[in-house]
Amino acid sequence: MDMNMNNNNNKGKSKLKQNQKKRVELILLILYAIGFYAFCICRSLHLSRDHFSKLHGLRAGWLFPPRLNDVSDAQWRNFRANLPILTLVFGVFTMLANIAGKSFHFRAKGMSIIWLFLSLIYLSYLHGACIIFILLIASANFLLVKIFANAKYFPLLLWIFNLVFLFANRVYQGYSFSKFGRQHWAYLDKFRGTFRWHICFNFVILRMISFGYDYHWAHRDSHFDQEKHIRRCHVCKSGKVCYQILQERNVHTNNFAFTTYLSYLVYAPLYIAGPIISFNAFASQLDVPQNHYSIIEVTWYGLRWVFSLSLMELMTHLFYFNAFAASGSWKKLSPMDIFIIGYGVVNFMWLKFFLIWRYFRFWSLIAGIEAPENMPKCVNNCQNLESFWKSWHASFNKWIVRYMYIPLGGSQRKLLNIWVIFTFVAVWHDLEWKLLSWAWLTCLFFVPEMLVKSAANAFQAEGALGGFVFRELSAVAGAITITCLMVANLVGYVIGPSGINWLISRFLSKEGLHVLGFMLTSFYVGTKLMFQIHDAKQRMQ
């Protein structure tokens, strides 16, 4: 009995020492992180102050006059400028739809007609006469699905049809009415609206594929184990319905009507930018509005968005990261300054998409339709490519897993599948070589990560020393992965494939090697902090 007590005391002392070491490590990591961000902020302020006269895309600011505001990113500039009118339109639309739904007790069919009517008004303003192209292609896809859904070759036919229009819409720049008859149709080119329809149609193509597959699978037995999922899902355990259930549960074939289909394709709150939602989930929530988020939670969601918008305004008034990238001025900077600007650009892009996607999702939640949350994690809290991809465009990732990854064979062909998937992701965004470079670079970095993960799963760390070594190696791997991730995104969205050699030469110079070491050290510390956050979350569960 005394020996047992001594063993317990020794174990207790050992655990106490480990906790003390972890506490000391956490303090040191936080101190380094504070120093790192203090340095980056100070250097970014100096760079913006010293070079603003050489940068393009700066306009008079309102936050710290006479300080300028970085609106060099066209997507952010247009979204920011149209926020008042978008808020008014979606406020009116959701109010009318909710009043009509509650007054007349509409279900899926009635709500689909309401939202189709409102969304077509919205599209008429955006695209003018080009709405004809949208309706014609959508109708052809609907007929194809209804006629061939039970055929074995249907998935191939569905993909060919949609890929043809994905490429054709881009190549012909949304088509010209004059090509279909100068005498009768040419005058319609004067009424093409305010927004290029073929840009938005990329999202419509994803929805058309989703409708096709969901209808195809509705005639087959589902492999989804709903009871098993409910036992594991904390949302479902609470009596609510999570998105996974809405997506995987087959809806009744009556819900695959033409009006519901069209309403899904052009649903106003999610039409321009998503998030991407499956047909099953959309049709289910037309019938029974989402109950995952309460009114208070949706209100809090909106207030958090306003706070995030204020952070973006603060960032673009103080730091001109994107203007450096757009102007090409950063090529004349030192390797350290290139790193700081590159890191700033990645954070700017994250916050931009965060605001755009959450804005549209907010209005969809008010309307009773829950879409998957894009960017559930901060970009600085992703230590590998897989977690980054799952957290960046999360709704697109869910779409890809359901309609591409699993039909292509899933994890059994993972090494091959990623090349097909990322190539599709690149051409879906645009037909540009720099996006294909981004896709293939990402795949190139993905392969060793998957091999290391596979080896790590097979390896079982034994004892305190083994656990320590495994954790340190994981942190080093995380630092290398984050660096590769930055390079892939900068090549894809900023410098293009022609800038790869320049980037490598800058960081392999004598000065650049010191900066590369600083980068890897900083990302190593960041990865260790992520491990600490993960451990804290596990202890709380």
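Glycine too: its Cβ is placed from the backbone N, Cα and C atoms.
As stated in TrEMBL, the feature transmembrane segment covers range 261-282 out of the listed 261-282, 437-458.
Sequence-distant contacts of the transmembrane segment (81-101) (same chain, at least 6 residues past either end, Cβ-Cβ under 8 Å): 110-111, 114-115, 118, 122, 268-269, 289, 359, 363, 366-368. Using the rule of three or more Cβ pairs under 8 Å, pairs at least 6 apart in sequence, the transmembrane segment (303-326) is in contact with the transmembrane segment (26-46). Residues 89-90, 93-94, 111-113, 115-116, 118-120, 122-123, 126, 134-135, 138, 142, 195, 200, 203-204, 206-208, 210-211, 214-215, 243, 246-251, 356-357, 360-361, 363-364, 367, 369-374, 394-396, 398-399, 402 of the same chain lie 6 or more positions beyond the ends of the transmembrane segment (261-282) yet place their CB under 8 Å from a CB of it. The stretch with the most CB contacts under 8 Å to the transmembrane segment (26-46), chosen from 153-172, 193-213, 338-357, 473-495, is 338-357.
Remote same-chain partners of the transmembrane segment (473-495), defined as residues 6 or more beyond its termini with a Cβ less than 8 Å from a stretch Cβ, comprise 325, 342-343, 345-346, 349, 382-385, 388, 426, 434-435, 437-439, 441-442, 445, 449, 452, 456, 502-503, 519-521, 523-524, 526-528, 530-531.
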